[in-house]
2 protein chains.
Amino acid sequence: MEASVTIQTRSGSYVVTAGTGIRKQVIKYLPKSYESIYIVSDQTVADLYLEDIKKQFASNQVDSYVVPSGEASKSIDQYYELITDALEKGLNRHSLVIALGGGVVGDLVGFFASTFMRGIDFVQMPTTILAHDSSVGGKVGINHALGKNLIGSFYPPVAVIYDVETLKSLPLREVRSGYAEVVKHGFLEGESFFRDVIRADLTKPLDERTLTKHLLQGIQVKAAVVERDERESYHRMFLNFGHTLGHALESELGYGTWTHGEAVAIGMLFALKVSQRTFRVDLPYEAYYEWIKTNGYPTVLPPLKAESLINKMKKDKKTKNKQIQMVLLKAVGHPVIQQMEEEFLYNQLKDFLGELVD
Amino acid sequence: MEASVTIQTRSGSYVVTAGTGIRKQVIKYLPKSYESIYIVSDQTVADLYLEDIKKQFASNQVDSYVVPSGEASKSIDQYYELITDALEKGLNRHSLVIALGGGVVGDLVGFFASTFMRGIDFVQMPTTILAHDSSVGGKVGINHALGKNLIGSFYPPVAVIYDVETLKSLPLREVRSGYAEVVKHGFLEGESFFRDVIRADLTKPLDERTLTKHLLQGIQVKAAVVERDERESYHRMFLNFGHTLGHALESELGYGTWTHGEAVAIGMLFALKVSQRTFRVDLPYEAYYEWIKTNGYPTVLPPLKAESLINKMKKDKKTKNKQIQMVLLKAVGHPVIQQMEEEFLYNQLKDFLGELVD
């Protein structure tokens, strides 16, 4: 099975193809031919799939570089080393860079591609579920000692080649983390996609057909938002559903304690609760809560201070004039941006933490 | 006197205003208001003009940062330090960055602005003649240990505010360096602008009216090219007139030995000679040679190896398939891109060096 979606950007368009085993036919999905190919991957993924990609090109035309696995590779030092290596290997503006890996590799390599000799073409080959989100939308970047993703740009790939076969090797925790963003896209899209997603049982191996369908549907939701609004303003903010508290939780618990998706899953639960209170509507809070619980997302929190989380929310990159904005739902498929009254939010959060505390 | 040119870019447009004393009315030229202002300058320029800009804003709304003067500030370390400082001072996406200085400051600060939180607005306030070239066209970037401007992006400013009064403090050598690019724009534009430029006597203080006129005309030439072709392809390459040998000379002599403009001035002389030979046309070689000589550009070369320079030319960022391309003139105002036959070029260069050698 193979399916594709075309994404429009300001400067053109690119095709996202998802399918089984398509990593073995990379050339078929490239928009044109290139003088040379430079594949960047992390150690974990390189061990599994680098050779599959590399052997499709003439040996004098392809080079590769492997970074350590994990978030620490999104550093200024790793970025500079990547540039040094690429220059030493003779990469130029007529070369293509392939980012083979999850979000860390995609973000780092995309940022590298966006700034190497003022920009060269790059292809995303995501190998995680979470990367269905990060590989579309053009956001690339690295971390700064003072915060995540503070250095970056908007730079779309020339193609996304998504081999769902590579997702089979993912640990359950990574599957969970990725599916949180799939569910998010369900919440933004509407009842039918949302209900379809929460039928997924993550504790068993997912069949490739369902996976391909969910990933491409998620990508379509994201693409629809991003096409309206490439640089963050009104509509793109919808994608932050669950992320206001999610980011604060990640930071408060210490990065790596929970996965991004685990934090966002709780963030969405909170956003549902706040939405119900704010708009006096019924949302599938219970059905969603059941799904995250059954599928092993952490639903019991260590003791946390609401005040401290609120302060973190205020420091978010997207904050304007220190007012916290949240994405709320008037219904599944009907997100809105809401300026939050601080005291109300504090009380809601205190209640919420109380319900989930250990 | 004050005059302006509007530059179209892919994503919008911005206005370049040149005039006397306009640094004292910055707010008048900003496209909108900002939460906060962050001025970055180098030590030399900051001592002269930083206060003039700073005092136009409320003291709790403005911050500044001063980098050492000189090319060494276009480093990855300086770039990262700038980001750290900006984060510590609370800069966010609703802030404005002002680059106050010459090309080094404009390139560094523009690259910073293009990648800080994925891009924030910035204004160029050039304080050199050379920066009339670099402040328009959206090229920003820093150096890598392996070469100049290898890290960068295309990122237009939201405004260029060019106070010609600040050019009065320039040393003669900087005036010369800048005027090389003005003459280049003359060569690309046509006889009338070219003849007007070489009437300038750089050894005397230039009157502000002539300066404003030349700078804005030069900017218009560049803008016309850049608007057709923001990312380097056919037309933008015209701007490399004189730069193929120019860059090679800078590198061969060691950066800083000659100014950029001095190297380009000789590069253009060579390009004129090659053009005459290639197309059997008459170009104002003698008039131009007289002008650079009278105005103190170096016209006597140390002993240099043609072979070594040719090798440098082959490594140029713009080289494709290792073939040297040069911008030649069929007439003043009629540039073309020419693939050079290596042996012919080598012989031409050998002759040329022989004529100018010490």
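From the backbone N, Cα and C atoms, a Cβ is placed for every residue, glycine too.
Record note: TrEMBL gives B:H243, B:H260 as Zn(2+)-binding, and the candidate from B:E165, B:E181, B:E189 in that site is B:E181. The C-beta environment of B:E71 (NAD(+) binding site), restricted to residues of the same chain at least 6 apart in sequence and closer than 8 Å, consists of B:V104, B:N143, B:Y255, B:G256. Here the C-alpha separation of B:K148 (NAD(+) binding site) and B:H260 (Zn(2+) binding site) works out to 12 Å. With helix defined as DSSP H, G or I and strand as E or B, the domain '3-dehydroquinate synthase N-terminal' (B:65-176) counts 42 helix, 36 strand, 34 coil. The record gives B:E181, B:H243, B:H260 for Zn(2+). Within 8 Å of the mean position of their Cβ atoms, the other Cβ atoms in that chain belong to B:L130, B:D133, B:A180, B:K184, B:G242, B:G246, B:G261, B:A263, B:V264, B:G267. Neighbour counts of Cβ atoms within 10 Å were compared for the binding-site residues B:K148, B:H260, and the top value is held by B:H260.
Counting residue by residue with DSSP, the domain '3-dehydroquinate synthase C-terminal' (B:178-319) contains 96 helix, 1 strand, 45 coil.
Nearest Cα neighbour of B:H260 (Zn(2+) binding site) among the listed binding-site residues (B:S73, B:V105, B:T128): B:T128.
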